[in-house]
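Report on one structure; see the data block that follows.
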Amino acid sequence: MATETPVKPPAEAPAKTRASGAPREGAVLNFFSQGFLWLWSLMVIVPVVWIVMSSFKTTREIASAPLALPESFHWQNFANAWTNGHIGAFFLNTLQVMVFSVTGTMLLGAMAAYVLARYQFFGNRIIYFGFAAGMMFPVFLALFPLFKTLGNVGLLNTYTGLIIVYIAYSLPFTVFFLTAFFRTLPTGVAEAAIVDGAGHYRLFFQVMLPMAKPGLIAITIFNIIGQWNQFLLPLVLMGRNPDDAVISQGLANLAMRQGYEGDSGALFAGTVLAMIPIFIAYVLFQRQIQEGLTAGAIK
Amino acid sequence: MKHGRYPFILSFLALPVGLYAWLVILPFAQAFQISLTDWSGSSNSFDYIGFDNYVNLFKDERFVLPALRHTGIILVVLPVATIALGLFFAFMLNLGGRSRQGRIEGVAGSRFHKVVYFFPQVLSVAIVGILWKQVYAPENFGGLITGTLSAIGLPSPVNGFLADKRFVLAAVIGVLVWSAVGFYLVFFSSAMASIPRDIYEAAIIDGAGRFQMFFKITLPLLWDSVQTAWIYLSIVALDVFVLVYLMTPEQGGPDTASEVVGGVIWKYAFKHGEQAFASAIGVVLFFAALSLAVVSLRFGRREQIEY
């Protein structure tokens, strides 16, 4: 976790000190670095705004006048994306998977992390490092054996299969992060609860979990974004029926099909539809999302 | 509180450890085993052939060697570019400006930039791929860059940037850097927040400019974070494939110009039915990732500074 030293505003710093540092660097440097900062912002904003703009154009306009504003708002693209492109169905599919996979990841991850952090027993270290090592494995290596494993138990091309795979592949980071978090929690409260007669299970669910809330929230956000954006696993494990696709896979299929049918208006409308919920969530929770995504990196 | 301890531990660990062992550890172990056979992936019979796959993969000039070369390039360019930009932006947005009270803070507009820079990080790779494929598209398909170039009278590749052997790899790396910079900006920002401001104030009083502040104070104190970022980005670099899959012609083309190791594994495993060979490439990738992490942890260590 971040060991942030609270930064004291240097109230006593006198206004005069400013004169010594600033002017020498010159306005040129300032102009250059400010310009570069704005350039990068534009590099993010322009493609996104441009694709939103394109989603209102007819396919012919997209190809012939890429830089122009749409002649009129061609809402038909969105209707096409929703019905022919099944974007709505892909949303529901993804939601259906993630309700279970994120809940499962958090529950199993917290259970394992708690035991590994707070109980000494034979094999503790081995299990902990076993999980931690999983963060380094390139997924490619496991794809085919995993495909076969799920096929053998009849879970290939099922949501149940995808859900348990999401959980298993989210566990390394979740356990690694939460173990560190549970270790930092004070022992005093737990001891008091034990004195009051709480058993192991009550201690976990009623005392430790609520105390671990900040860590749990951060890592939940991390897993939601990670699993929402997952592409490789559904590509391999849910390949048979295109109607069952999750959102990123469905979009990619749409993009591949677009090559033949040439309806780029609907493709961009679909892309914009897929961006909207992420954009809203990002604007509302951008601080929490930034913290959640970078939390694991800062130990 | 001693009683019921082991049943409790067991009940909490059984499911997560079991699931993890079954779906993560076991497939990885099987991949190592498969790499020593001649298994195609579909038949039921196979023979152990030792390390032949490993020997052969270094002779595969069609796919594996170009892929190793391209992944090698990404492995160098992606961390260097992302860390350099991330550090520069983090410094400018947190420490680059001076308020009227002589207080150190980010330049004007810092909050806005931070929110914008981070946004690509939350976009799914499918969206990023579709977005940039169109940005790089040829002029008669309405590409943004080609269209802009021709609007100001400059030449651009006729088939767009992704169908051009000279540009395709750089184009993919550009997108990778584009989406990663925001994350490392925030990552370095929180590391910078823990450097006491007194150090900077003392430096300013001694007449240090922003260059000196960055190279003599910030960078040395952030060394650990830079190293962590390096490991993360190396792992990202080795895993690059989905963008190549989504954006480039022939999923690694044109003519293997954007072939990467992950893509070659994919092609051999799921398209050419050479599972054993694909696994051998995967094992090489695994050891590459492992040794990178070990090397940078071993040789990158510097003394810790406690504030």
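For all residues, glycine too, the Cβ spot is worked out from N, Cα and C.
Automated prediction, rather than curation, is the source of TrEMBL annotations.
Database features, via TrEMBL:
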- A:91-285: domain 'ABC transmembrane type-1' (DOMAIN)
- A:28-53: transmembrane segment (TRANSMEM)
- A:97-117: transmembrane segment (TRANSMEM)
- A:126-147: transmembrane segment (TRANSMEM)
- A:159-182: transmembrane segment (TRANSMEM)
- A:203-225: transmembrane segment (TRANSMEM)
- A:266-285: transmembrane segment (TRANSMEM)
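Touching of the transmembrane segment (A:266-285) and the transmembrane segment (A:28-53) is concluded from the presence of at least three CB pairs under 8 A, sequence neighbours closer than 6 excluded. Sequence-remote contacts of a segment are chain residues at least 6 beyond its ends whose Cβ falls under 8 Å from one of its Cβ atoms, and for the transmembrane segment (A:28-53) they are 69-70, 268, 271-272, 275. Two recorded stretches are said to be in contact when at least 3 C-beta pairs lie under 8 angstroms, sequence spacing 6 or more; the transmembrane segment (A:203-225) and the transmembrane segment (A:126-147) fall short of this definition. Cβ atoms under 8 Å from those of the transmembrane segment (A:126-147) belong to residues 112, 116, 156, 165, 169, 171-173, 175-176, 179, 232-233, 236-237 of the same chain, restricted to positions at least 6 beyond its ends.
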